[in-house]
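Here's the structure we're looking at; comments come further down.
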């Protein structure tokens, strides 16, 4: 199954970049994976609703023909690592060829994104930067793969 991750904002922090590269290296034997970054739509001191709307329009345009989209959102469903592994396995077993995850910018997602009929998951009740959310997601994707394959990584 192909995985795609869309996020608002570039990853600039060195240790996170290194972690992202490491997890991509570990995931790639099992999945083709692509990460796409959209630029921020403005500074957070500008009109927040306009920024969220503009960023939301980018997602909707890029994903207009996609059905298998997972929005990472603070009010999404929380899953344990074992439950997330099952979630991924169900997508794989259903014949899904591509699963897309989206990570919002500092202001989150606009209502036009949240109103889509897309699955919403939360990485935690805590809030993360887009960089940290990407790293946590990649770690959980790798962990899910090791769980589903019976590999020693998850205890």
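The backbone N, Cα and C atoms fix where each Cβ goes, and this holds for glycine too.
For the S-adenosyl-L-methionine site, Swiss-Prot gives 104, 123, 124, 125, 126, 127, 128; the one candidate out of 60, 63, 72 that the record lists there too is 72.
DSSP assigns residue 125 (S-adenosyl-L-methionine binding site) to coil in the three-state reduction, placing it in neither a helix nor a strand. Within 10 Å of the C-beta atom of residue 127 (S-adenosyl-L-methionine binding site) sit 11 other C-beta atoms, taking all shown protein chains into account.
Residue 126 (S-adenosyl-L-methionine binding site) counts 8 other C-beta atoms within 10 Å of its own C-beta, drawing on all protein chains shown. The Cβ of residue 72 (S-adenosyl-L-methionine binding site) has 22 neighbouring Cβ atoms from other residues within 10 Å, across all protein chains displayed.
The binding-site residues under consideration are 104, 123, 124, 125, 128. Their Cβ neighbour counts within 10 Å are lowest for 125.
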